[in-house]
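Student: One structure coming up, written as structure tokens, with questions to follow.
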Amino acid sequence: MHSSPGNGQTQSRPSDCQTETFGNIAYDQFPQAISNVCPTVLFVLFCFPWSAFFSHILHLVFQVVSFAPFTLFPTPVPKAVFSQALAVQTHYNTLVDKISQDADFLQEALASTIAVDDFTARLFKIHQQILKEGRSQSIVLGLNRSDYMLDQRENDTPSLKQIEINTIAASFGGLSSRTPDVHRHILKMAGKLEESERILDNNPAAGLARAIAKAWELYGSEKAVVAFFVEDVQRNIFDQRFVEYELWKRNIHVIRLRFEDVFKAGSLDQDKRLFVDGKEVAVVYFRNGYMPDNYTSEQSWDARLLMERSRAVKCPDISTHLAGTKKVQQVLARPGVLERFFPDQPQAVQQIRATFAGLYTLDMGPEGDKTVSMALAAPERFVLKPQREGGGNNIYGSEICQVLEEVKESTERTAYILMDKIHPTPVRNYLMRQGSPLKISNCLSELGVFGAYVRQGKDMVTNECVGHLLRTKSSEHSDGGVAAGVAVLDNPLLF
């Protein structure tokens, strides 16, 4: 899924905090070098193996291809908070997995939401049907991404605050595997050799593929395929291809499926093995299905149900999908809830809770009423978040008042949660985007950390942090991701 830097959480600090230079080089000295940098950068970013090139030459002939947008220079990130984000990721993996197994918790957490939000209700209906029938597969594959920003008030030390955790279609693990070479090359051209050597190696694509391969191996059929479940129009196809090529290196056959393909050519045999066009599917890797617009007809919902009922390993399965909802995020921040999942691990609870921003319920009752009053009194302090993924959905400022005034006496308000706005410090950088004028911008960044785990029955087979992602946008934008043309790819430069 695509989510934005800040995802609606951001508020710039005053201009006197802005960084005007990179190292000891003033930014106004850089534009003349950019024309020399770009051609080589594009080669580094999108230099595919020859086999990959030939396999897609016909595809590219008939489509318009543009480079992924990126920052001209990496963004400084404190080493301490970066290390904190990586260290807590395996705990988040475990948390998501435990939530997905706790049917009572999901029922309690989502009860008010499914009463008013049709999309979440449809997902939950599938979840209930699977519970009633019994799960067909004991192998669970989770590929998620936890997104953060650095909250810095006045002269305080920056603190890591989670925006959300993406449990379905967590994107840019592929492209972020190539961006380190981009910035290393740029820094060398700018005469910053020492800084170029501080750009971290990063290969989420390999880590994500490693977990998919393990799930495929545990499924136990060498003839079975891995299916990337994708949209009809795939704007982010190259990001997916990097993960796909890692699987081909392991001699794992990969196919690409859409809702229509599964509905028309999908079936289950007596053992609930999933076949599509005669191919047995061992793993379904969802890169689609996270937004209401993805489900264009009842046939789409039927196809999702068919896959969930099958023996194929789903990434994610329906319960893990629900574990990543905004409402679950809000409920987890309540006192004592994390302890439910980590009863004998106070350190894990402490590490996770330290990343929480303020999260508030809008359920009917005194607590929800207090949240409404708080938001109406100071809307600039908060972000109003609906139960949606993909970026560009959040509500800010005076619009919060407009929405809450309309729904404050209605159960419709329970379709939202309220979250504290995060206050990052802006830096100055160039955002390199095709067709956009070259100019220096005040920028805000969001750090994502990729996690991968595989469980078989009660045994956690693998649980890893497999890489990171940095996305940066102009501070003039409140929301919107890379795919929306707002954010760009970046790299952390630790200090």
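Cβ coordinates are placed from backbone N, Cα and C, and glycine is handled just like the others.
The annotation substrate binding site is assigned in TrEMBL to ARG145, 168-171, 234-236, GLN240, 287-290, ARG471, 482-483. Sequence annotations record features per position, and here TrEMBL assigns Mg(2+) binding site to GLU164, ASN166, GLU389. Residues or ranges marked as ATP binding site by TrEMBL: GLU164, LYS326, 385-394, TYR396, 419-422, GLU446, LYS473, ASP479. Taken from TrEMBL, the feature domain 'Glutathione synthase substrate-binding' applies to 224-323.
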Student: Write down the Cα-Cα distance for TYR290 (substrate binding site) and GLU389 (Mg(2+) binding site), rounded and given in Å.
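Tutor: Roughly 6 Å, rounded to the nearest whole number.
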Student: Using all protein chains in view, find how many other C-beta atoms are within 10 Å of the C-beta of GLU164 (Mg(2+) binding site).
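Tutor: Around GLU164 (Mg(2+) binding site), other Cβ atoms within 10 Å: 21.
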Student: To which of the binding-site residues ARG145, ARG235, LYS421, LYS473 does the lowest count of other Cβ atoms within 10 Å belong?
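Tutor: Sparsest of the binding-site residues ARG145, ARG235, LYS421, LYS473 by Cβ contacts within 10 Å: ARG235.
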Student: Just to verify a number: CA distance, ASN166 (Mg(2+) binding site) to PRO386 (ATP binding site), in angstrom, no decimals.
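Tutor: If we compare the Cα positions of ASN166 (Mg(2+) binding site) and PRO386 (ATP binding site), the gap is 15 Å.
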Student: Would you kindly give the Cα-Cα distance separating ARG235 (substrate binding site) and LYS473 (ATP binding site), rounded to the nearest Å?
Tutor: 19
Student: Across the domain 'Glutathione synthase substrate-binding' (224-323), what does the mean pLDDT come to, as a whole number?
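Tutor: On average, pLDDT over the domain 'Glutathione synthase substrate-binding' (224-323) sits at 97.
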Student: For ARG235 (substrate binding site) and TYR396 (ATP binding site), determine the Cα separation and express it in whole Å.
Tutor: 28
Student: Take the C-alpha atoms of GLN240 (substrate binding site) and PRO386 (ATP binding site) and report the distance between them in angstrom, rounded.
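Tutor: About 27 Å separates the two Cα atoms.
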Student: Looking only at Cβ atoms, how many others are within 10 Å of the one on SER171 (substrate binding site)?
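Tutor: There are 22 such Cβ atoms around SER171 (substrate binding site).
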Student: Return only the integer: C-alpha distance in Å from ARG145 (substrate binding site) to GLU164 (Mg(2+) binding site).
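Tutor: ARG145 (substrate binding site) and GLU164 (Mg(2+) binding site) have their Cα atoms 9 Å apart.
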Student: Rounded to an integer, what is the Cα-Cα distance in Å between PRO386 (ATP binding site) and SER171 (substrate binding site)?
Tutor: 20
Student: Between the binding-site residues GLY392, TYR396, LYS421, which lies closest to ALA169 (substrate binding site), Cα to Cα?
Tutor: GLY392
Student: What's the number of neighbouring CB atoms sitting within 10 A of the CB on ALA169 (substrate binding site)?
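Tutor: There are 27 of them.
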Student: If you measure from the Cα of LYS421 (ATP binding site), which of the binding-site residues GLU164, SER171, ASN288, TYR290 is the nearest?
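Tutor: Smallest Cα separation from LYS421 (ATP binding site) among GLU164, SER171, ASN288, TYR290: GLU164.
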Student: For ASN288 (substrate binding site), just count the other CB atoms lying within 10 A of its CB, please.
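Tutor: Other Cβ atoms within 10 Å of ASN288 (substrate binding site): 21.
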Student: Where SER171 (substrate binding site) and GLY392 (ATP binding site) are concerned, what is their Cα separation in Å, rounded?
Tutor: 15
